[in-house]
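Residues or ranges marked as region 'Disordered' by TrEMBL: 1-27, 52-71, 1459-1502. Here TrEMBL flags 195-218, 224-240, 537-560, 580-605, 1174-1193, 1205-1226, 1256-1275, 1295-1315, 1322-1343, 1363-1382 as transmembrane segment. Residues or ranges marked as active site, 4-aspartylphosphate intermediate by TrEMBL: 653. Feature annotation from TrEMBL assigns domain 'P-type ATPase C-terminal' to 1142-1392. The annotation compositional bias 'Basic and acidic residues' is assigned in TrEMBL to 1472-1481.
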């Protein structure tokens, strides 16, 4: 092999998509050919793959998986092995191949040659982390997810080298199994792990210690076993709850692990050891088998279905035995299938298993044709969990990929296949993956059995868009060592689905927890709510109080130990303590046990019960149920429901979260004429800001659209026999277009319409396949949903793409199929922002040359800059009309594209095609050369028209965002999509509006050259400039500290737009990060575009940790998992785009709009309930415990009990438990409807007004006061006279006094809870009454038993005494009166917002809203009746910067002459009805638009539509009228002729800097003029 080296060449530079965290990253790298050297001599290709010219004697053609931009001199190499059939001489040196495994060289016995520390240091120096974190402090998490430096070598059909084997001959490398587990527990680890987790709670440890102390008699606990019951019950109930919470994940894991796939059997896989199973795993497997057998046994014997199946198996066995005994060798009956052999299944399909007859004599292949064919190798069905690294698997069409595999071959001739990545990134568009060139000839199991190769691969990491590896083999023809690099475009990732490909074959590289989808999922985090975290401080305060009173008790008891005379001298026979100090010490611990309820153990179990009930309510809410998906709102984490009531920032993905990822063709402009009618969310939002009743206008428009659609369908069905015409799927509604297709507007316009739709049907890269439901229907499968929408629109009007041939496409034109020869296809990429196809036009006459027609579609600014400037080529007026139409479409929220063409002579085409072929076969810089050649062709274009596509939002998204904003919640959009797409969605969902100024942050460009030369300098100066000019800030730490206390909505009308490159710089430095955060906090909206999953998580952590606010992240794909897990609350969208985010989320919902109800209703309720329940729980324990403390004054704190022991036990279990629990479960301040109609009520959670330590201390003080009343009022009764009954028996026993004290404390406590409960329903009131009665009931029952000993007959005596009832009622009144008086005073003179709203609700101001009213439901009833409180209410007591609708709506002055018809007085912009038009022709002529209301917006700066000017009678005399530009004149002409929709006027949104792809009519015309100037 030649030893020449080509220095500096990196085999990954052109083949692997750059890291999503790098500066040159693009998400889509479709159709990239990973092999640059397929046309070169193999020696030259190996030379080009070399990385260094210093290794002259290197036996490798390629060093081991180098990292981009890494110093070559420090790049690691793999250890060499000597191949058995390696007959090549390499510079006459018989050196062995050096191979490195896992970054550590090892001895034959498996021990490393160097220490682990040295190896790690070496790896740190030599490898670049492919996943960069932008916020410091996450290194540990990165290490868990990034092991790219742990290189691995996988051998197929080859023995492992000795250095990869241990002393027993088993492989040293240990790879993860393909069996996944997303659960927290297993059946074996559940009990110890859960108990250990529970006892990480300090309170549980505290009570465990007290129970242990209570077991010693010295501490005087009456019944130690009974005292341990509460702790045992709490641990058991919590464990049951955790087990139920985790069981769902267990079921999902079992389903995934036991999914079927096809694994090649017959070739030994030496990479893993089949019998290398630890004893622990064997034990677990044995237990699992026994468990499943037991379950199966129970099912077969105790369930009806099991009994039926068991009986059927027995019948089959008996029949098989009878046939075997009686028939012998007789032929098998047609119904006796037992023991039959299914040839179709086991031998495989003919298309899959056949001898490869492809001539590959000139191609390098991993197949060794010198080996004899093997018939014992075949693909057999197996489970996903049985797949190992190094296995060959075959995936069939529509099957999910079970592991990360390198693609070897496919059913396609060129080795390509299509995958759907919705489980990874939430996108339904197809992506192309390419098989390795060296293995494309493998077509069957016998072919792969004759192959020998090995793979040098990087280690597993979480980057979805990067992979680096090499496939090496020894050529069987010449014995040379050959190499082919493998990139991410050669990989099929676990979780993807194979589409439009019969089969694909690959070798497994990563399995189970090491696959990219699992690395992105990470370990399921255990989250704790904010109240639970802050509760620890309250518990510590109680511990402090407990220590103080116990310390006082110990001191006093110790002091009185030495005082004489004393009672123990006469009644006790010594003490356990020998002196005062020891007695005080013992007394301290006795007091700890006596006063232990001050830190309530039942608080934690009560909170668990309440949160479980809240989760059940959320799950059972029918208004959160998605009928289409049959999916309710599913809580995955039951213990953070109160966090939902404190959310201030929501971070949302775009695709699949805000949008449906469904594109619909809505409008087009052809030859200067606009077609299409729609009423989009962006248009509705625009009209709403003008004060228009959009519900009524939308209803009228939708009715009109429905009528037009019926007319259009009827005319299309009569126009032609379109085999692919499906009326239900039509999205392009324009009866005028169908009429023009028939020639109503003349032959020229008819031909233009036909040619335009034909261009859409030809210029694309989509595929079609028969529908499973209807074989006659062809389903369109596209790499982009935009392309699918364009081709579908052409199909609907009679230009159907029905298939491909070897030379071109088959188009069915009005029922007649025609074939068009496609000469070249210039693919779309993000750099060119366009795609083209070249169609051959046959010669008109024999002997003439044919022609070539270039059809190009792309971004409007790109196409306009490439239009021909030759005179007569393009009509200037047509260009202006088209630009204005595109501007209007974009204003209405539609994605715009332009279609153009160019005729080329055959000779020019042949010359260009020669240059194109040279560029296509280039080894280096192929993409750049192809782009340059394509640029030569895509010029001098003739404009055909433009299209407008709606990126469909999910139902109710704009309304949801508006309601959340009124609630004080800020929404940031973090998306991997491009800037212009994200901005258009921002306008569509009303996150952005035309009054906003967009502050663009970018790292480079001509307009920021004066801000610096380096990206870091540009971004820093740009952010500082915005802060100073717009907000008067400098970005200091003091300003950031002040901003933490500001929770109002930003007052300015600004929005930040930043891309991934600039965001990387913004997060890299602490100072810039602080400035960036301050800027974003002062803006109403933030859009982060082109961001990676790690960047999403970094932004969430930045806001959460720096501002100390509650955050929520919502997404639908695995690229959102990091963001979801980083936020306080993670919500997954269980849509049609995959469920990966759902598996790792805390809550799963069917649509984005359900988030509004989840937060504003359930979240607010949960927060308010817990915020009231927790301090009430402390309060009721303080009453009871401090009463014991006051009693200690009179017994020297010797630890004696005032209450009989059962009262101590039942106080928290029966007497006072249910009222507080039902307060936390059922209380409602307002109904769910009012919560949504008045979202401002939510802001108390953002400001944390309901739960804070001040409130906790007030409740503690209240409890302290009531404990004084409860104890000293009965004491005062006893002090003077002592109480006696009618029969002369005294009531002076301490337990009798305890009954009085307990009665006052229990009733006061329960009534106190009732007074603080907003909702007095019969259910909760009933249980409060039962709790109060239970005290008297238990006293009567227990004191009637002889087992009560000293308490015998106490109830009859106490309750029969009038003095008891006197002190009881007076005591309860004095307990409750101060707090009741204070609450009434506040409600009258300082009412809260919720108090006012409750009064309005009570008097019927919200009666017009039906029960269950949801303002985000698109099918909600129209609310026309105004409430009694018609003037509204301003809730600015706590919220000075409210975002009320009257502040956000800016009504524009629109001339009445424009809005109203001069003759009828009716609004001209709204179609009243067909009857009006028929009766009044003038009204029909004065319609201001031709049923072409638009749809959602996609290009931000196309928001320019001029303000309507009043045309007075003297306008023609205006001397400045002649100075208007040609575009202005065209606009005015179109307005006058109703060619533009003039129902509204919109000022252009202000943009601080230029944005790519964001244009308006002026910029389009300017782009063409600049092109003309450059020419």
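Glycine too: its Cβ is placed from the backbone N, Cα and C atoms.
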Next item on the list: Mind checking which residues of the chain, 6+ beyond the ends of the transmembrane segment (1256-1275), have their Cβ under 8 Å from one of its Cβ atoms?
Entry: 538, 541, 545, 1174-1176, 1178-1187, 1189-1191, 1297, 1300-1301, 1304-1305, 1308-1309, 1312, 1367, 1370-1371, 1374-1375, 1378-1379
Note to self: Out of 224-240, 1174-1193, 1295-1315, 1363-1382, what stretch is closest in contact terms to the transmembrane segment (195-218), meaning most Cβ pairs under 8 angstroms?
What the structure shows: 224-240
Item checked: Stretch contact, the transmembrane segment (1295-1315) with the transmembrane segment (224-240), Cβ-Cβ under 8 Å, 3+ pairs -> no
Item checked: Highest-contact recorded stretch vs the transmembrane segment (1322-1343), from 224-240, 580-605, 1205-1226, 1363-1382, CB pairs under 8 Å -> 1205-1226
Next item on the list: Mark yes when the transmembrane segment (580-605) and the transmembrane segment (1174-1193) have three or more Cβ pairs under 8 Å (sequence separation 6 or more) and no when they do not.
Entry: yes
Next item on the list: Measure the Cβ-based neighbour count of residue 653 (active site, 4-aspartylphosphate intermediate), defined as the other Cβ atoms within 10 Å of its Cβ.
Entry: 28
Item checked: Per-region confidence, the domain 'P-type ATPase C-terminal' (1142-1392) (mean pLDDT, whole number) -> 91
